[in-house]
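Feature list (source: TrEMBL):
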type: DOMAIN; residues: 1-448; note: domain 'Major facilitator superfamily (MFS) profile'
type: TRANSMEM; residues: 58-77; note: transmembrane segment
type: TRANSMEM; residues: 89-109; note: transmembrane segment
type: TRANSMEM; residues: 121-143; note: transmembrane segment
type: TRANSMEM; residues: 149-172; note: transmembrane segment
type: TRANSMEM; residues: 184-205; note: transmembrane segment
type: TRANSMEM; residues: 211-231; note: transmembrane segment
type: TRANSMEM; residues: 266-288; note: transmembrane segment
type: TRANSMEM; residues: 308-330; note: transmembrane segment
type: TRANSMEM; residues: 342-361; note: transmembrane segment
type: TRANSMEM; residues: 367-385; note: transmembrane segment
type: TRANSMEM; residues: 397-417; note: transmembrane segment
type: TRANSMEM; residues: 423-444; note: transmembrane segment
Amino acid sequence: MTYYNETFIILSGLCAVLTYLTFNEKKSLIINSKNNNNNKNNDNSENSKAFYNFRRNYLIVYFFGTAGDWLQGPYLYTSYKNRGFDLNQIAILFVTGFLASGIFGIIVGSAADKYGRKKFCLVYSLLYSTSCLIIVLFSNFYILLFGRVLGGISTSLLFSVFEAWMISEHMLRGFDSDLLSDTFSYMSFGNGFVAIICGLLAGGLEKNYGILSPFMMAIGFFIIAALMIIINWNENFGKMIEQNNSSRSLTSSLSYAINIIKNDSFILVLGAVQSLFEASMYIFVFLWGPLLEIQHKSNFNLYSKEELLPFGLIFSSFMVAIMIGSLIYGHMSGSKNISLSTISHFNLLIASISLLISTFVKNELLLFFFFTIFEFTCGIYFPLIGTLRAKVVPKNLHATIGNLFRVPLNLIVVTILTSEFLISTKCLLCSLLLFIAFILSFALPKTI
């Protein structure tokens, strides 16, 4: 049994224990709540039932949407390579996706706030399905380039409009705002679990039906998500303060959102932290494989007799680390003694240190360990930033402002990935970005 097998088993065991403890704790809280309600009235009990139904309906749709995204990941590069494209052409395809996410994300985010978040969650399913269909049916570089544009826009919608719909609907239904933190924790935990399942499913599909089969399955998931949205979701909008919102153009809506950011330092700082952390995270996706391979080759026969790294097992370990992080966040956020700003300080510092050490370490196993620590901080980050956005960003502009901050995020990613820096230098730059985010996090409100 290799070190990677042992690590995955240990992480899975730890995750299982934490999951058991977490759900046991939630179950106890529900029972206590019901007992209290019996002594008062049934209003709170009905409200709790409505909330759990709402959260379940949202999470099922969200996980189907993310499953379609995860299924493609392992084979996107290979699908391009098998068509005979060189590394430069493949790089252009990937960079185009990031640029499209940054540029068009602003427009679709603002449009979603104006014309309806439910509609644009459906647009997500349509655009991403079309992107997958293009990969399956076409080999022309320029048509595939158009597919990457659609994929980039879809990514922006996934990470902004779904969240905007959920937060707005949560508030419209009168649920306690403190429950949002719980929902974000479930989203992060479930996303890690879905990623592992989709990785295994994609591998099985590729082995039995070919490399394009995961993309076809992804379309199926997007269709299921769309049908559930149509059946179960209400429409909600980002209503402006002004009464003449219906006549407000997308351009003026963007200007309004930019003015909100300029006049609210907390939103500006939160957006900067989001851009810096997520830029580092996206860059890390392209770095961890090559960095581990370099150390694996230099340490060959020392720790392993295998020529190839078990990338599937490593990826699964990273996802379990994310799940553990989300569970730890759930416990910390439930404590009255720890503020969200304090959690952000420690999490950003640990993330920065983990990549800083990774830049200089020359041991394959230590490198994997610190990469896993970074993924653990990602598990804390996702529910943390979602909760902070829900508290700080105006509900009427949630998707618009969320996508505005994806512009610098994607510019940072494209700039660093296309630079001539050594791969270790790029990792060091990620650590620096995270440290800047750590410094900025001290400007966040201390009371949240």
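Glycine too: its Cβ is placed from the backbone N, Cα and C atoms.
A quick note: this is a predicted structure, and the numbers were derived from the prediction, not measured.
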PLDDT averaged over every residue in the domain 'Major facilitator superfamily (MFS) profile' (1-448): 88
Range from 149-172, 266-288, 308-330, 342-361, 367-385 with most C-beta pairs under 8 A to the transmembrane segment (58-77): 149-172
Top partner of the transmembrane segment (397-417) among 149-172, 184-205, 308-330, 423-444 - counted as Cβ pairs under 8 Å: 149-172
The transmembrane segment (342-361) vs the transmembrane segment (423-444): 3 or more CB pairs under 8 Å: yes
Segment-segment contact (the transmembrane segment (149-172); the transmembrane segment (184-205)) at 3 or more Cβ pairs under 8 Å: no
Highest-contact recorded stretch vs the transmembrane segment (266-288), from 89-109, 121-143, 184-205, 367-385, CB pairs under 8 Å: 367-385
Top Cβ-contact partner of the transmembrane segment (121-143) among 184-205, 211-231, 423-444 (pairs under 8 Å): 211-231
